[in-house]
Structures are given as C-alpha cells and as structure tokens.
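Comments concern the structure below.
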Amino acid sequence: MHSDRDMSFNSGHAEMQPDGTSTKNSRSIYHPSALTECVITSSAPTAVKLPRERIPFRSWYVSNYCNEYHVSIILKIQNSFPRLQPLLTFYFKVWSCTGEIEFYTAFIPLVVWLGMPFISFNICVLMCMSQYVTGVMKDMAGCPRPPCPPVQIRGRRLASKEYGYPSSHASHSIVFAYASYELLHTFFPDYPVLCWIFCIVFSINVSLSRLILGMHWFADLVAGWVVGLILVIAHAAFLESFMVTLYEIDNVMPLHFLVAFLILHILVISHAAPADACPCYLDSLRFLGATFGALFGYWVFHSEYGVMTARSHPEDVWDTCFSVGFLVQYLSCLFVILLGKEICSCVTFRILRFFFVRISREASPNRPRFWRRMWYCFSHAVRRIYWIRLNDSPSVAIQEEGCQKQRHQKLSPSADCFSEGSESGESAGYSIEISIPQHNSEEKVLMGDNMQLWIPCTHRHWWLWETQRCLISYLLVGFMVTYLCPVILRVFFGVQ
C-alpha cells in the first residue's frame with residue numbers, strides 16, 4: 001500500500017517499479033479478466049477483504065465497465081489535441097472544483113447573506129442528499145477508479161482515495177444545476193431559457209471534467225446522473241413541499257430539535273462502512289452537519305427576529321451583490337466562520353477524545369461496586385448509541401504499525417493510485433496514501449488494555465472522536481451561516 005514496498009501482481013500482471021514505471025508480463029494488466037482478478041484479489045497485508053455479498057457486483061461492474069476498452073476511451077480523450085491538453089486540463093479543473101465541499105462552503109453563505117435563504121436551504125438539502133446517497137453506494141460497491149498508469153490522474157489527489165462508483169460530481173452537477181435555476185432566474189429574470197441552457201452546460205462540463213481528468217469511468221458518470229435525476233424527480237414530486245414545511249415552522253419547540261438530532265444521528269450511524277479507508281463517510285458527515293446546522297440556525301433566527309435572515313430580498317440583486325459594502329460583509333462573516341470552525345475542531349477533538357477513551361474503559365477497581373456497575377451500564381449505553389458491537393475492532397489498516405510509519409513520509413509520484421493487487425484500490429496500477437487514524441501512546445493502549453470494555457472505533461477505520469469532531473464542526477458552520485452571521489450583519493452592519 002506504500003510506494004517503497006515491493007509491489008508485484010499475480011501471474012500475468014505487471015510488476016510496478018519504484019519510479020512509477022511498469023514491466024508487462026505475458027498478459028496485459030488491462031485485459032478485462034486481469035483487471036477483474038486484480039480488483040477482487042489482494043496480496044497486500046494491510047488490505048481488508050470485502051464481504052462476500054459485495055464481491056459479485058464489484059466483479060461484474062469491473063469486468064463490464066472498467067476494462068481495457070473503457071481505458072482506451074479515456075486514453076483517447078486525454079491524448080487528443082496534445083497542444084491543447086494543458087489548457088483543457090486547467091479548464092476542466094476549474095469546473096471540477098465546483099463539485100468540492102470548499103466551493104459550497106463559500107457559495108451557499110453568499111446566497112444566504114444576499115437575502116435568499118430558502119434557495120440556499122434548497123441547494124444545501126439537495127447537495128446533502130446527493131452526497132449521502134452516492135457516498136453510501138460507493139462504500140457498499142467499492143468499485144475502483146481508472147488505473148494509473150496508463151490513465152493520467154489530473155484531478156485532486158485527495159479525491160483519488162475514494163471509490164469510483166457512482167460519481168458524486170456527476171450527481172452533484174445535476175442537483176446543483178436544478179436547485180440553482182431559481183437563483184439564476186433572480187439575476188436574469190428576462191432570460192429563463194438561457195438560465196436552463198447554462199444549467200445544462202454546467203452539468204455537462206462538471207461531469208466531463210471527471211472523465212478528462214482521469215478520475216472516473218464513463219459508467220460512473222452515468223450512475224451519478226441517474227442518482228441526480230432520481231433526486232430531482234423526488235424533489236419535484238414531494239420533497240420540496242416537505243422542505244417548505246420544515247423551513248416555515250413558526251413555533252419551534254425543543255421537540256423539533258430533538259427529532260432533528262435523532263434523524264441526524266440515525267443517518268450518521270447507518271451510513272455504509274467501507275472496506276477501506278475511503279473518505280466518502282467523512283464527506284457525508286460534513287454535508288449532514290452543515291445541512292442540519294443551517295436548519296437549526298434558521299429556526300433560532302426566525303424565533304428571535306421573526307424573519308429567516310438579516311437581509312430581505314434585494315430589489316436590485318446586481319447592485320447589492322457587487323457592492324463594496326456587501327463584499328466587506330461577506331469576507332468578514334466568512335472569516336468568522338473559518339475561525340469558528342478551526343477553534344471548534346481543535347476544542348472538540350480534545351474533549352471528545354478524552355470522553356470516548358475514558359467511557360470505553362472500566363471504572364477504577366478502587367471505586368465502590370455500585371459506582372462500577374453504573375459506569376459499566378453507562379459505557380455500554382454509549383456503545384449501543386453508536387451501534388458498536390463488542391467484537392468490533394479497528395481494521396487491519398489501523399493496526400498496522402508499518403502503515404502509520406509510512407503515512408508521515410512523502411510519497412513518490414508512483415503512490416498516487418491504488419495498487420492493482422490491493423483491495424484498497426481506487427484504481428489498478430499503483431498505491432496511494434489512505435487516511436487512517438492517527439496513533440499515539442494513548443490510542444495504542446486501547447488495543448491491548450485489559451480494562452478496555454470496547455474499542456471506540458466506528459465504520460472500521462475511524463475513531464469516534466474523529467468522526468464526531470467532523471460532524472460537530474460542520475454543524476457549527478451551518479449554524480453560524482444562518483444564525484450567527486445574520487446577527488452580525490444586523491447588529492454590526494445595520495443590515496435590514
């Protein structure tokens with residue numbers, strides 16, 4: 001799984017060299033049968049075997065849609081117009097960035113503070129649903145991305161850690177274009193047809209960028225489009241009316257928050273557990289946290305001020321959006337959000353780590369028996385809340401000390417794609433650094449401590465304090481966008 005490890009494949013496969021080159025044996029590694037064999041067979045000691053029920057779909061999908069023919073299609077696209085490739089790469093990288101969470105972290109607050117809260121809430125909910133559905137499907141299927149080499153990965157290296165099927169970018173492009181039409185129509189009320197054309201062009205460009213940048217198979221894009229279209233149809237059929245009902249609750253009571261937190265918790269713990277440390281689960285937590293935090297912020301702000309946001313819908317959107325005053329307000333509030341997120345992330349990590357490490361252990365033997373029994377019951381109540389079984393333990397990837405040593409080393413260029421002989425692969429061909437929990441002296445004790453009642457590890461690869469920190473920090477981000485920052489706009493900037 002690491003670049004300095006000798007990587008060799010089964011009979012007929014290519015042997016990967018440390019410099020990123022490969023020497024072919026008797027059979028091409030891009031032959032359909034070879035690709036299928038290398039995906040479902042692992043020789044890496046740190047690989048985690050997929051459950052048997054997941055292997056049939058993965059094997060069928062790889063053999064039919066991740067074979068030599070589909071590799072040749074990507075290569076033809078990447079090798080056409082060689083003089084224009086640098087320009088095309090830059091162009092599609094820009095479009096691909098619109099599918100990243102950083103883009104939505106900057107874009108959605110802009111819409112909220114501009115005075116269009118329901119449009120932003122609509123976008124946020126649809127994007128959250130798209131990320132959650134595609135994330136669950138990715139972790140359940142475990143299908144790889146295109147092999148590198150021969151395909152060149154020109155997109156974000158972090159994204160290449162994820163599974164490929166279906167494409168989240170393709171699904172996001174559909175639902176975002178659909179939800180953004182109303183926003184475009186606000187800016188261009190006299191050109192509804194052009195607004196729809198732009199939405200279609202946006203979706204096509206974002207989706208094709210994943211193919212041209214070598215991040216997805218074409219079948220991944222088709223699956224992403226299908227997921228996006230299903231969500232759009234569901235939204236038009238019944239989800240929009242349900243969202244309006246949630247959004248327009250006049251008398252928010254503690255019961256509403258309690259039910260919302262319960263739904264959030266169920267979604268968090270019921271997410272599919274990946275066979276490898278695919279970051280889709282953490283991405284789903286970010287979107288879930290931001291969406292529910294935004295909903296809570298709307299409720300609290302409305303209960304205090306009687307409106308959903310500080311600024312009413314501007315009569316002249318263009319003048320407001322491009323004014324110096326709004327730019328100062330936007331940058332100031334964005335700085336508050338980033339600062340608050342970092343502080344929250346730092347503080348919650350320490351608090352949650354102390355809590356979960358302590359609660360997962362037995363009480364001190366010198367405590368009274370009644371106290372130890374109460375502590376035991378409370379400890380297992382926490383375990384059951386997070387659906388952690390007593391026989392659950394961290395994956396092999398977490399326990400391998402060699403992996404952790406390599407994690408802090410700078411990987412060579414050949415370590416940007418998954419090993420063809422590894423189950424943890426996004427694509428066949430190389431290895432890639434994966435995100436595994438940090439080890440320190442305290443966490444190593446958890447593995448062999450006799451007083452340990454259960455291991456605070458969730459979804460096979462992450463410590464509970466890591467996932468909960470991610471969820472809480474983005475929950476705070478959503479709340480700050482829809483409550484704290486509108487309060488700042490109203491109190492300090494006099495926005496009405």
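Any Cβ shown, glycine's included, is placed from N, Cα and C.
Per TrEMBL, the feature region 'Disordered' maps to 1-27.
Taken from TrEMBL, the feature transmembrane segment covers 110-132 (among others).
Marked as domain 'Phosphatidic acid phosphatase type 2/haloperoxidase' by TrEMBL: 122-236.
Positions annotated as transmembrane segment by TrEMBL: 191-213 (among others).
Residues or ranges marked as transmembrane segment by TrEMBL: 225-247 (among others).
The transmembrane segment annotation in TrEMBL covers 253-273 (among others). Using a Cβ-Cβ cut-off under 8 Å and counting only residues 6 or more beyond its ends in the same chain, the transmembrane segment (253-273) has close neighbours at 132, 135-137, 139-140, 281, 284-285, 288-289, 292, 295-296, 299, 385-387, 458-460, 467, 471.
Here TrEMBL flags 285-302 (among others) as transmembrane segment.
TrEMBL lists 322-340 (among others) with the feature transmembrane segment.
Residues annotated as transmembrane segment in TrEMBL: 471-493 (among others). Within the chain carrying the transmembrane segment (471-493), a Cβ under 8 angstroms from the stretch's Cβ atoms is held by residues 105, 108-109, 112-113, 117, 124, 268, 285-298, 300-301, 305, 309-311, 325, 329, 332-333, 336-337, 340-341, 344-345, 348, 352, all 6 or more beyond its ends.
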Name the range, of those listed as 110-132, 191-213, 285-302, 322-340, that has the largest tally of Cβ pairs under 8 Å with the transmembrane segment (225-247).
110-132
Cβ-Cβ under 8 Å with the transmembrane segment (191-213): same-chain residues at least 6 beyond its ends:
74, 77-78, 88-89, 92-93, 95-96, 98-99, 153-155, 167, 169-170, 172-174, 176-178, 180-181, 184-185, 220-221, 224-225
Per-residue pLDDT averaged over the domain 'Phosphatidic acid phosphatase type 2/haloperoxidase' (122-236) comes to what?
88
